[in-house]
């Protein structure tokens, strides 16, 4: 009996040590490293599902301290918490069809930067984006009804997408080129948004990254700024 108690005690110590090691590794990583390593765990089937318990709910009931802002598409197949293997209170997420940003979305980003002190922003597009495909379809004469039209117009007016369409003849995949152009436009839009965000970037108090989530394999391709 005594031997079993000792073994149980040693097992508890081992588990505590492993947990502490995981937390320490997170503390030592930069924000972007936490996102990248989280996606690597996800695609390798090794997600740790941290901060997804009722205990976490109670821990953050009075405050939130997300370490990154994620700007992504509303597509139901692209869930930032899952593909980055993060939990409750870790990410401040803004989602719209096609990552289209207007005043409401920019205001949400400003709130997280200014009031929650988030220093890292990540814009994530995804392959085979329906909003981008609809925009390309409308460009070929297929109208889009209702308020969806405003999303399409927002995409069509992006200079980066206009450049991609102009070079359509040389493109191997115009949809994916337009998706990447859309992410780059959003990055520039956020970086130059006045007065709050532009000032933060000029002072190097905020950083921004971008990537493309692959719907076929779950991997996020990092884009260079």
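A Cβ is built for glycine as well, from the same backbone N, Cα and C atoms used for every other residue.
Nobody curates TrEMBL annotations by hand; they come from automatic prediction.
Bear in mind that the values here come from a model prediction, so they are computed numbers and not experimental data.
Residues annotated as signal peptide in TrEMBL: 1-22. Per TrEMBL, Zn(2+) binding site is recorded for 73, 75, 126, 129.
Excluding the listed site residues 73, 75, 126, 129, the same chain places 72, 74, 77, 78, 97, 98, 99, 125, 127, 128, 130, 131, 132, 179, 213, 215 with Cβ atoms within 8 Å of the centre of the Zn(2+) site Cβ atoms.
Here the binding-site residues are 73, 129; the one with the fewest Cβ atoms within 10 Å of its Cβ is 73. Taken residue by residue with DSSP, residue 75 (Zn(2+) binding site) is part of neither helix nor strand, so it is coil. Cβ-based crowding with a 10 Å cutoff singles out 126 as the top-ranked of the binding-site residues 75, 126.
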